[in-house]
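Copied over from Swiss-Prot:
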- 280-339: DNA-binding region (DNA_BIND)
- 79-105: compositional bias 'Basic and acidic residues' (COMPBIAS)
- 197-215: compositional bias 'Basic and acidic residues' (COMPBIAS)
- 216-244: compositional bias 'Low complexity' (COMPBIAS)
- 1-35: region 'Disordered' (REGION)
- 47-112: region 'Disordered' (REGION)
- 196-246: region 'Disordered' (REGION)
- 261-286: region 'Disordered' (REGION)
Amino acid sequence: MAFEDRCSPSQANSPGPVTGRVPAPHAETLAYSPQSQYTCTTIESKYERGSPNMTIVKVQPDSPPPSPGRGQNEMEYQDYYRPETPDVKPHFSREEQRFELDRSRGQRLQPTTPVAFSINNILHPEFGLNAIRKTSKIEGPKPIGPNHSILYKPYDLSKPDLSKYGFDYLKSKETSDCNALPPLGGLRETVSQIGERLSRDREPPKSLEQQKRPDSASSIVSSTSSGAVSTCGSSDASSIQSQSNPGQLWPAWVYCTRYSDRPSSGPRSRRVKKKAAPEEKRPRTAFSGAQLARLKHEFAENRYLTERRRQSLAAELGLAEAQIKIWFQNKRAKIKKASGQRNPLALQLMAQGLYNHSTVTESDDEEEINVT
């Protein structure tokens, strides 16, 4: 490996064209030759990537070139900067250029400010304790009336202030409190029942005077909260009623659970019955004189018609068989009503209790009731 030492002032060649502001040397006044600030190194071809004879010019900027009057004229060299020298850059492949570009973009887009909720903050054991401390300082509602002490009660007065304890202690205490109760009461109690039982265990025994007050707010709240459990039907309400105090009154809606098993159907609505249209009366048949005379003659001979006789009479008079049949029935009813005599067979059946077709008529003029 061949090195060319060009650092000595006597052997160094001129560094080439120099651009930039460099103070002119004092060639005439003083015989002063400053030390060169460039080092040129020649590398063999086995270490090169690009051209076979590649020369890398390594610039080592030192302090500005000294001068005899440096101590006096130090302010003149404040604007001194390294002269611009054309450097030979090595050749990179496309993959390397792409990698360098992606790395520069990633460094440019990397956020400098820390994220408030990063993974490190979340995994920290103190994460979330500030929220607990803030919520523990929230004040309850202000007292409004004399029954404030009865209506309002904090969640748990027995628990001390949790802000002075560590995270491990709070976690162990939370697990112990959760293990004290079965999950949801072993699926046999509702949430309201569990809360009622816990409040009953923690509360001191009430005085007799407070128990005698029927209008106390505590009894109202307890009855309302316990009454909210009975929404599954009248059978559940009756079972709860038997388990609780016999003198306790339940709200009326507890017993009104007729449609609880099928809530989608809803209450049944009674349809309004439409008024039936009046039956169209059959138009009265207008018989001619000849037809009436022939019908009266046949009725005088025999009050009852056979089927063959009725058919022949209908064909002779040009009437329907039903018209002739109805005329004979009406004629017999008029005679029976006018005479007032009963058929002896009908009287015998009525005596045996097998026949009773007595009709009650009320006359408009005399308003008397006649039983026929």
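Glycine is treated like the rest: Cβ placed from N, Cα and C.
It should be emphasised that the depicted structure is a prediction, and the values quoted were computed from it without experimental measurement.
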Message: On average, what pLDDT score does this prediction assign to the DNA-binding region (280-339)?
response: 88
Statement: Across the DNA-binding region (280-339), DSSP yields 43 helix, 0 strand, 17 coil
